[in-house]
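To start, the structure under review is shown below, and the notes come after it.
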Amino acid sequence: MTLDGVRDDDEPREEAERPAGPAAVPPAPLTGVMALLRPRASWGQLIGGLLCVLVGFAVAVQVRSTKRDTTFATARQDELVGILADLGQRSERLRGDIRDLERTKAELQRDAQGGAALEEARKRATTYGILAGTLPAEGPGIRMVVQDPRGGVHAGGLLDALEELRDAGAEVVQVNEVRAGVGTYFLDARDGVQADGRTLRAPYTFLAIGDPHTMTTALNIPGGVVRTLQAAGATVSITPRAKVTVSAIRSP
Amino acid sequence: MTERTRAEAAGTERKGGGMIALIGLVIGVGLGLALHPDVPLWLQPYLPIAIVAALDAMFGGVRARLEGIFDEKVFVVSFLSNTVIAALIVFLGDELGVGSQLSTGVVVVLGIRIFSNAAGIRRKLFGA
């Protein structure tokens with residue numbers, strides 16, 4: 001050992017940027033590097049070299065394994081559990097779909113007269129008719145009455161209410177005598193609001209079929225439809241009902 | 001030989017030896033590329049952290065050598081203990097449920113150390 005008792009662990013010294021005084025003038029860069037690289041064999045050196053082999057090996061292996069699969073290798077346990085749960089739910093849902101479709105297929109194959117096919121087609125026609133607004137419908141939902149004594153409610157407010165109801169999962173909506181469909185529009189007119197060519201007058205009554213709780217919550221959120229309408233001078237009352245009957249229909 | 005030249009000779013001899021380390025590093029990378037082994041599953045979360053700790057120890061070693069205070073024993077011991085402690089901290093964090101945060105913390109601390117070591121090396125080599 002040529003070390004003259006100078007020992008320090010190689011922890012970095014915490015002092016920051018000390019001024020390079022004249023005493024600390026280093027040798028020229030090249031000679032410094034050359035001196036550093038000059039081989040000097042001793043057990044300590046060999047062990048140090050061995051550790052360097054280990055580091056190089058580990059780096060190469062790690063880089064390789066990181067390159068191989070980046071998606072899940074870096075994810076931690078809880079993230080992986082989340083992903084797994086999502087996948088489980090999805091596959092469960094898809095399995096349910098498969099079961100439904102298998103059952104339909106079996107029924108279709110079983111009856112020769114096409115009774116099941118007819119039944120299926122009727123069911124689908126009814127569903128589409130209700131969604132398109134060509135059939136009357138009834139079910140659980142809400143009744144929302146917008147009283148507008150000051151005439152502050154315009155077409156925009158009614159459209160917002162309709163969109164909010166649709167967002168909240170309303171399947172069928174009727175505004176006064178107008179059944180809302182995909183092409184329903186609201187237009188400001190001189191004596192009220194026009195919807196699909198018919199004039200609506202206050203109070204505006206919305207009948208919506210869907211989950212009453214969800215729709216009520218959606219309408220009542222702070223800054224939402226109800227607050228906006230109230231700011232325009234209207235009073236809004238929402239009543240959930242177990243059975244809402246929507247009788248107005250759209251001509252196909 | 002005068003006192004002075006003897007001291008200088010000792011000084012140059014004290015430096016040097018980095019070649020072995022460099023060759024070792026190259027051999028290690030070559031081995032890793034040639035053998036491409038799989039990282040065992042239990043080691044996967046800890047290997048990156050251990051590598052960062054090892055890099056820190058290596059930079060510290062280079063700096064100590066440049067400053068003329070290098071000691072093989074200190075290097076070997078600190079190298080091993082740093083890697084093991086870094087991996088242990090992450091392991092403990094995983095057990096406590098704060099593994100990702102703790103490994104981020106360890107990487108940050110080691111990164112700061114690497115930078116300060118690199119600054120020391122730079123000062124020694126280039127005087128700036």
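Positions of Cβ are set from backbone N, Cα and C atoms, glycine also.
It should be emphasised that the depicted structure is a prediction, and the values quoted were computed from it without experimental measurement.
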Region 'Disordered' per TrEMBL - which of A:1-28, A:85-112: A:1-28
Overall pLDDT of the coiled coil (A:84-111), taken as the mean: 91
